[in-house]
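Pasting the feature list from Swiss-Prot:
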type	residues	note
DISULFID	31-89	disulfide bond
DISULFID	48-103	disulfide bond
DISULFID	57-119	disulfide bond
DISULFID	61-121	disulfide bond
CARBOHYD	37	N-linked glycosylation site
CARBOHYD	81	N-linked glycosylation site
SIGNAL	1-23	signal peptide
């Protein structure tokens, strides 16, 4: 049987790697949209309520920690001996979606909620919204 050329083998391995990765989005590093079910109520008693699939941002972003440079040590009075850099999975774009609420009887209401439109790895913040 004749051997395949090196170009054919490289192409085959590339196609194999791409098709294997299609079903593994959760394993891919980064920050991605992730759907979840949310129940919306008009008040605490649940007079009107409805459900909707909203989008969240879920994933892993890069972080690292390393010994601080000498200039950082001196500037901090030798208290800042470790420097860490990190990013968090963050919502970078929102959109409003309308949720239909079913009320007591046959009455209906409509309510707007926010859902994630886009995600990205960004600076970690205690509270952004």
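Yeah, the Cβs are placed from backbone N, Cα and C, and that goes for glycine too.
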Given the recorded positions 37, 48, 61, 81, which one's Cα is the least distant from that of residue 119 (disulfide bond)?
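Looking at Cα distances from residue 119 (disulfide bond), the smallest one goes to 61.
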Taking the Cα of residue 31 (disulfide bond) as the centre, which of the recorded positions listed as 48, 57, 81, 121 lie within 10 Å of it?
57, 121
By a simple count of other Cβ atoms within 10 Å, which of 31, 48, 57, 103, the disulfide-bonded residues in the record, is least packed?
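Looking at the disulfide-bonded residues 31, 48, 57, 103, the Cβ with the fewest others within 10 Å is that of 103.
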With every protein chain in view, what's the tally of Cβ atoms within 10 Å of the Cβ of residue 121 (disulfide bond), excluding that atom itself?
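Total other Cβ atoms inside 10 Å, all chains included: 20.
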Spatial neighbours of residue 121 (disulfide bond) among the recorded positions 37, 48, 81, 89, 103, defined as Cα within 10 A: which are they?
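Within 10 Å Cα-Cα: 89.
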Nearest by CA distance to residue 37 (N-linked glycosylation site): which of the recorded positions is it, out of 48, 61, 81, 89, 103?
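Looking at Cα distances from residue 37 (N-linked glycosylation site), the smallest one goes to 48.
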Here the disulfide-bonded residues are 61, 89, 119; which one has the lowest number of other Cβ atoms no more than 10 Å from its Cβ?
61
If I restrict to non-local contacts, at least six residues apart, and a C-beta distance under 8 angstroms, what lies near residue 81 (N-linked glycosylation site) in its own chain?
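Within the chain, residue 81 (N-linked glycosylation site) has Cβ neighbours under 8 Å at 67, 68, 73.
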Determine, using Cα-Cα distances only, which of these disulfide-bonded residues is closest to residue 57 (disulfide bond): 48, 89, 103.
89
Could you check which of these disulfide-bonded residues, 48, 61, 103, sit within 10 Å of residue 89 (disulfide bond), going Cα to Cα?
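Of everything listed, what lies within 10 Å of residue 89 (disulfide bond) (Cα to Cα) is 61.
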Measuring Cα to Cα, how far is residue 61 (disulfide bond) from residue 48 (disulfide bond) in Å?
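That separation, Cα to Cα, works out to 39 Å.
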